[in-house]
Amino acid sequence: MTLLWYLCIFFIYFSFVKLKITNINITNIISTRSSDRLEIDNSTRKLPHVTILGALINNEHIKILQNTSIDSNKDLNISSQSFILNSNPLLTMLDLCEIGNTSNAKIIIAGHMIDDNNDDDDLTLNAISYVSNFYHIPLITITSRENILSDKALHDFIIRLAPPYLYEADAWFSIIQKLKYTKVVLIYSQEEESRMVASRFQMLTDDSDIQIERIEEYTLNTNFTSLILNLTTEDRLLAHIDELLLAIVRLQKLENFVWIINERALKSNNSAFFDGLLAVKLNDSFNEENLLIDATQLIRNTFIKFLNYTPLFWSENMSVIDCLSTEPWIYGKDVYKTLVNTSVKHGKTGNIEFNEEGDRIESLYNIINIQFGQQKIVGFYRSNTSTCNTSRMCREIIGKTELKLNEEEIIWPNGLNRKPDGIRTRRNVSVVTIAEKPFIFLRPGNNCELSSEVYCPHKKLNGSTDEEYEPYCCYGYCIDLLQELSKNLSFFYTLHLVADGKYGSFEKEGDDKHKRWDGMIGELLNYQADMIVAPLTMNPERVEAIEFTKPYKYQGITILVRKDTNKSHLKSFLQPFKNGLWIMVLLSVHIIAVVLYLLDRLSPYGRFHFVQQHERNPIKKKNTKGDKLSLSHALWFTWGILLNSGISEGVPKSFSARVLGMVWAGFAMIIVASYTANLAAFLVLDRPAASISGINDARLRNPQDNFTYATVKGSAVDMYFKRQVELSTTYRIMESKNYLSVEQAISELRDGDLNAFIWDSPRLEYEAAQDCNLITAGELFGRSSYGIGLRKKDPWINPLSHAILSLHETGFMELLDYQWIYSNNDKQCSDRSSSPATLEFRNMLDVFLLVAGGVIVGFFVLILEIIFKRQKERIQRENEISQKVMVYWKKKVDRRNQQRSTMFESDNYEQQILHSNSYFPLSSKRINNHVSSNIC
């Protein structure tokens, strides 16, 4: 909004110039300018000349600048032309343009006009800075200390001889370190100036011994009484307070605190000051008279470096501030950079140097102490505001600064001569806890490590009047939390373990007719302890009896079970396809085989092929039996294509069958690729799952005899199931099976005597991280949180709650989670939920068993083949013998038949002879004798 105002002013002025509207009465300005002009003779004008344009608040400062600029050296002449600042920014800009144009000034020195209505919000100086930025004219401010002028995004050409209020934070930090305080509460208003100082102080305290425990930003409508009461009831030191002084005095919140105020508050209301206040104030030497003298010396030292520059730089005919033009001064940036790098030794206000922002590096502050209503100087601080980018670098620079503080001369609040502690009286707190991993680990003995362990004895319940304790050292999540809270809130504590080992339940004990709290809550209510620091769940029953801080750990209830190790079996390799698809694939194999056989058999080109004779004449030859595609060969072909095995024989011969074979090959490729992809998903990404799905699992809602589950008796989980109507059946079943301790239940779960253990999620997640055979099942239910337990209306409630919230914001609680719950396991369990795991032998065991089965079946078939072969050979031998016998008998029969035919022929012959013997009797007798001899 301010920037828009500057733009509006500037362009309004341009309009005045262009329209030649010059009715503004500047008689006083001209007269002042005439009186301020320096009479320079012709001899001196031959030297390089620099004119300073002064925008000052009164004539006295104009005379001081005039007298100072007269003291020129032999190499450079310096003069000044000035005008008095006007509270109206528009009129100031008109004067600046008018005199700047006629004087050929190369640099501007501006005073600081304080507006009664806006305090240090000087619009006039901001308007001059805007013109300086626009025309690249260096601007030296002598007394302005607004932090906003250090913003280089808005003010590029400003050099500041007086340090901004921003660097008071360096003095505060050094004073607090000197007084050896470590706790600070920072209070500031919503003004931008206050916020910038607070931001600087916060940056300095980052990662240092000084801790800002609380930050309060107030407005004009803030109830200061309640604010001070809220702050001072807590054990903290308070720094940077402005308009709250009256409330502090009224409430008498003076003892045990050191109150430090800033310089602006020191100038505001003297009647509100009380003895003991500390403040930081710029040294009185930083007045306008001294700063004007130092500014002139700085300009002289700067422009001497330009003596050998181009004549155009020293030309007096060129107006640097020409409001009729929009061109900036071409040498403005060079002059500004040189000005920033120029120093003045032993000036009126000390040594002058500048940092990268154009702010003065070395300044002198007085440390003020209010004594009897008067301001007394009790020390000084010489600052060093060199450019630093980190808090550590800034602290190293501050560590080299000069600080002198006479503590013996200081009067502290309420007129005390003793330095306050900065906190209220320290309080010893008795803390009770319980052994519960990972929050409280126990180690027998009393030789505890001071850095990480705390001595925590356990009282024995032996029924005797003599108290006996078992020595233990405690460490873990809650111990780290307790140590951090003790450090932040500055309290001491003693720790002990609860005697009966219980969290706390509201039950009857023995013959007692009334219910009483036992465990840690019982000890707290019976004033045996002041605080419970343990994994104590915040539930309605406990909230009625005690009070909790803000939660330090959010959690829920979950179920711990053993992992179900999924062993791969043959069915795993059938899972990628449904049963219907497997059946269709098997049917397809055999149907395609039959179709291939028929196509090859019926095709006219299936049973015949051409061969080349020696004469190279193609003749048609019929296929032999081995060349034909039999049904068995067709089955072998279809199975070989599907299983991607080589086929070297028994392939289709006809073109029609081969077309079907190619289509079948494409079908097989798609089926095999789909099967491979789904099998990878089932085998590689498959991981052991919990045996139950969660609290809504049917085995918990409708209990079974072979499935046991339990929790810890009298715990918050037990109370939760007791309250929930929908879980009444589950509660009744496990009520009689509940264990007395968590350790016993987890041991039974590992041994297999317990199927599921229901408990708080942090402990079960810790156990699952430690033991890869355990896993949490289902989502969290019964969400709640852990808190620190105290008695009702305990004053430590608010401090502890604020400290816990602060630890959450800084990430400390998250670090404890990773240190003690999630990442404290010795062996890393494989996490197969986020990335594929490597297949193991057990995953592929059944595949090897399938191969072994194939080997066994192969040998079995081999035995059958051998038996079949031998049987076939035996039958063949028998057939051969039969054939031989048949051949033998056939031959024998043939011979016999032949003999008979021969005899028949012989009989015929005899008859012919006998017939003939009737004519030849002697011959007939010889023939008969011959026949008789043959028969014999």
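Note that the numbers count up from 1, one per residue, in the order the chain is shown.
Just so it is clear, glycine is given a Cβ too, placed from its N, Cα and C backbone atoms.
The shown structure was predicted, so the numbers you read here are calculated from the model rather than taken from an experiment.
Feature list (source: TrEMBL):
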- 449-823: domain 'Ionotropic glutamate receptor C-terminal' (DOMAIN)
- 460-526: domain 'Ionotropic glutamate receptor L-glutamate and glycine-binding' (DOMAIN)
- P535, T537, R542, D760: L-glutamate binding site (BINDING)
- 580-599: transmembrane segment (TRANSMEM)
- 629-647: transmembrane segment (TRANSMEM)
- 659-685: transmembrane segment (TRANSMEM)
- I692: site 'Crucial to convey clamshell closure to channel opening' (SITE)
- K722: site 'Interaction with the cone snail toxin Con-ikot-ikot' (SITE)
- C772-C829: disulfide bond (DISULFID)
- 847-868: transmembrane segment (TRANSMEM)
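The Cα of P535 (L-glutamate binding site) lies closest to that of K722, out of the recorded positions I692, K722, C772.
Recorded residues C772 (disulfide bond) and D760 (L-glutamate binding site) have their alpha carbons 19 Å apart, per Cα-Cα distance.
The record assigns P535, T537, R542, D760 to the L-glutamate site; their largest pairwise CA distance measures 16 Å. Take the mean position of the Cβ atoms of P535, T537, R542, D760, the recorded L-glutamate site; other residues of that chain with a Cβ within 8 Å of it are Y503, L536, M538, N539, Q555, S715, A716, S784, Y786. Break the domain 'Ionotropic glutamate receptor L-glutamate and glycine-binding' (460-526) down by DSSP state and the numbers are 20 helix, 18 strand, 29 coil. Within 10 Å of the Cβ of P535 (L-glutamate binding site) there are 24 other Cβ atoms, across all protein chains. The recorded positions listed here are R542, K722; among them, R542 has the most other Cβ atoms within 10 Å of its own Cβ. Around the Cβ of I692 (site 'Crucial to convey clamshell closure to channel opening'), a 10 Å sphere holds 20 further Cβ atoms from the protein chains shown. Applying an 8 A CB threshold to same-chain residues 6+ apart, the list for T537 (L-glutamate binding site) reads Y503, Q555, S715, A716, V717, D760, S784, S785, Y786.
In this structure, the CA atom of R542 (L-glutamate binding site) is 14 Å away from the CA atom of K722 (site 'Interaction with the cone snail toxin Con-ikot-ikot'). Each of the recorded positions D760, C772 was scored by how many other Cβ atoms lie within 10 Å of its Cβ, and the smallest score goes to C772. Cα of K722 (site 'Interaction with the cone snail toxin Con-ikot-ikot') to Cα of I692 (site 'Crucial to convey clamshell closure to channel opening'): a span of 22 Å.
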